[in-house]
Amino acid sequence: MIGLFDSGIGGLTVVREVMKRLPDYSLLYLGDTARTPYGNKSAEVVAAYGLQAAKFLVDRGARIIVVACNTVSAVGLTAIRQAYPDIPFFDVITPAIATVKKVSQGHHIGVMGTRALVASGIYQHLLSQENNFQVTAQAAPLLVPLVEEGWLDRPETKRIIRRYLAPFKQAQIDTLVLACTHYPLLKSLIIPRMGKRVKVIDPAEETAIALTQWLVEHPAEADSLPLGASHFYVTDFTPQTEKVASNWLKRTIKLEKVELK
Ligand code: DGL
């Protein structure tokens, strides 16, 4: 099975992109809703939580793991890879970086993400191996609860977005990475605000493309994956979470509460 996990329900934006491209595969999703958000926590704690989530999915039969969380992708991959060296892992940063390298003409990119992701300096680190890349990074933590409240088109949300995007506009970036699972749901506000000159990269989409491509290149692994219904697990259940999750995926889904060990 293809397993995906996130700090909460944000990773469903990755699931949505995967389902668009690989609609028949059975997916296992885990959202650590009891401990969300990860974005304001220390790298050490995020890495430990990420490892627990990966273990849960592997124990339930996942043979490919997608780290559908920007924060864990930034600070928690090493521990997970060491624990499961034989499992193919996809994170949401590597495919985004590959696209940045392809599309950025001015080599000045903006990264909007959680505090932990921005503090990790991961984009600066991964792009510093390339010539002349300049990175302007900005944490935008207030957008996470706004998206979860469904305030996708409110004047308040627009005002906050304007505030968060100001440093990118001022820096005259040419490419903006939406480095938090929730931000793709605000694309219709962010893209026009940044203007036509700026390319906006959605890591959820790039990750789903990378996974699909990998399955094409690895037909034996692809054929061994089960088809059928997907399963959605959370570490804390509320009817509201289930409602939001169903809205985002545009289908009714049932969330099952589990405990991580
Ligand atoms: N899903 C998280 C991420 O992409 C955002 C929410 C959180 O801070 O946990 O990093």
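Glycine is no exception: its Cβ is also placed from the backbone N, Cα and C atoms.
Unlike curated entries, TrEMBL annotations are predicted automatically.
Here the structure is a predicted model, which means the values were calculated and not measured.
What TrEMBL lists as substrate binding site is Asp6, Ser7, Tyr38, Gly39, Asn70, Thr71, Thr181, His182. A 10 Å cutoff on Cβ-Cβ distances gives His182 (substrate binding site) a total of 26 other Cβ atoms nearby, all chains included.
What TrEMBL lists as active site, proton donor/acceptor is Cys69 (among others). Around the Cβ of Cys69 (active site, proton donor/acceptor), a 10 Å sphere holds 33 further Cβ atoms from the protein chains shown.
Sequence-distant contacts (6 or more apart, same chain, Cβ under 8 Å) of Cys180 (active site, proton donor/acceptor) comprise Gly10, Gly39, Asn70, Thr71, Met112, Gly113, Thr114, Leu117, Ala140, Leu143, Val144. The active site, proton donor/acceptor annotation in TrEMBL covers Cys180 (among others).
Comparing local CB density within 10 A for the binding-site residues Gly39, Asn70, the maximum falls on Asn70. Thr181 (substrate binding site) is surrounded by 30 other CB atoms, counting those within 10 A of its CB over all protein chains shown. Compute the center of the Cβ atoms of Asp6, Ser7, Tyr38, Gly39, Asn70, Thr71, Thr181, His182, which mark the site for substrate; besides them, the chain residues with Cβ within 8 Å of that center are Gly8, Gly10, Gly11, Thr36, Pro37, Cys69, Val72, Thr114, Val144, Cys180.
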